[in-house]
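Annotated compositional bias 'Basic and acidic residues' per TrEMBL: 470-480, in sequence order. According to TrEMBL, the domain 'Major facilitator superfamily (MFS) profile' annotation covers 263-480. The feature region 'Disordered' is assigned by TrEMBL to 461-480. Per TrEMBL, the feature transmembrane segment maps to 60-80, 87-109, 158-177, 183-200, 263-286, 298-319, 331-350, 362-388, 400-421, 433-452.
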């Protein structure tokens with residue numbers, strides 16, 4: 001049923017069908033490695049439950065991983081704005097993070113005995129995963145152009161979340177049956193990586209317009225049906241620049257000009273605050289269900305991710321269908337305000353568990369698990385909309401990947417702070433207090449975006465007199 005909801009029955013009438021198919025399948029298999037967070041969350045549960053790490057030791061690894069991502073996100077985006085070897089860089093990043101995941105599972109010592117080595121591994125993993133989000137989205141923009149981003153990013157996100165759900169489901173079953181030898185569940189990572197490599201190699205290189213990929217639509221034609229006609233198809237390069245590793249675009253703004261945009265800076269702040277409050281909620285929920293639960297606890301913690309990812313599929317589709325019609329801001333706010341609601345419910349549920357002695361209650365665990373539907377709404381909306389807003393803000397600047405690197409870096413540093421803060425709060429004050437404090441913190445980005453962030457859709461897309469996006473001749477189902 002989920003597959004029929006996402007996968008296309010026909011690609012008739014869609015331009016660049018082979019490239020879009022490769023893009024979809026790449027997003028499906030990259031779901032497990034895209035930003036590293038899914039496997040980092042699984043690794044956290046693995047280290048705490050199977051390797052007897054403390055919450056603070058796991059938090060330190062989160063911190064190092066996130067700081068590394070923060071340091072490398074902007075340089076990675078800057079690179080993708082210039083290189084034409086986008087597929088090669090993305091493939092290399094996918095292989096590297098997979099190897100580091102396997103190393104974690106194989107060499108983590110009990111009780112954090114080789115914590116320094118694991119810190120080095122997480123630093124390297126944070127660095128290489130920084131090249132995945134800007135790589136996939138840069139290739140996407142190069143294939144569909146700015147006008148096609150709303151629909152295609154939604155498709156990418158749906159496939160991404162579906163891939164994550166499938167991989168985590170397989171891993172959770174392996175963990176359940178092999179408990180307590182949980183390291184074997186990470187064998188799914190190489191399988192996903194192989195699928196990603198094959199899918200990326202199926203994308204025809206000539207279908208990626210590298211000027212469009214960096215947000216310079218002025219160098220190519222844009223049709224009214226949201227299908228992008230590449231500059232290479234309309235004008236041959238006299239100096240053979242299409243075969244070069246680096247492209248030149250005099251129209252691109254300088255990084256310093258980009259950094260002086262107050263709306264971009266406000267958006268970066270909102271992104272940081274969202275992930276500072278939301279980043280650690282999932283691992284805390286997973287730990288709440290996994291601790292003391294044996295193999296069943298591991299299965300429940302894996303279901304946390306699966307439930308959330310399936311709801312993220314629906315959220316991503318909703319964003320693709322309605323963000324062009326109703327604007328980015330309204331949908332974004334739904335995602336932002338879902339976090340404090342979720343944290344409030346978790347606070348009450350954990351209090352009920354602790355005061356009534358319901359630690360072993362299956363019913364209560366199922367109810368706690370059901371709160372992941374709100375995670376699917378919050379993170380699902382955010383994961384799609386932050387890319388679209390970034391695309392809006394970068395229109396015509398020639399710095400799409402660089403700006404995406406900045407916003408993703410804000411996510412990373414926010415998740416870094418959140419990871420250590422949440423684990424420290426859980427260990428020192430208990431899970432109830434941790435969820436309550438995170439609820440208060442999560443109100444900040446929602447209120448900031450409500451009162452200070454403008455609608456960004458009009459900055460990019462052509463609109464009709466009624467204020468709605470010009471309808472596309474290519475249907476949404478065809479884009480799938």
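Every residue gets a Cβ built from N, Cα and C, even glycine.
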Taken over the domain 'Major facilitator superfamily (MFS) profile' (263-480), the predicted model's pLDDT averages 80
Ranked by Cβ pairs within a distance under 8 Å of the transmembrane segment (263-286), the first of 183-200, 298-319, 331-350 is 331-350
Checklist entry - Are there 3 or more C-beta pairs under 8 Å linking the transmembrane segment (87-109) with the transmembrane segment (331-350), counting only pairs at least 6 apart in sequence? => result no
Sequence-distant residues near the transmembrane segment (362-388) by C-beta distance (under 8 Å, 6 or more away from its ends) are 137, 149-150, 153-154, 157, 160-161, 271, 274, 278, 281-282, 285, 288-289, 293, 300, 303-305, 307-316, 318-320, 323, 328, 331-332, 334-336, 338-339, 341-342, 345-346, 349-350, 352-353, 404, 407, 411
Spatial neighbours of the transmembrane segment (433-452) not adjacent in sequence (6+ beyond its ends, CB under 8 Å) are 266, 269-271, 273-274, 276-278, 280-281, 284, 329, 332-333, 336-337, 339-340, 343-344, 346-347, 350, 418, 422, 425-426
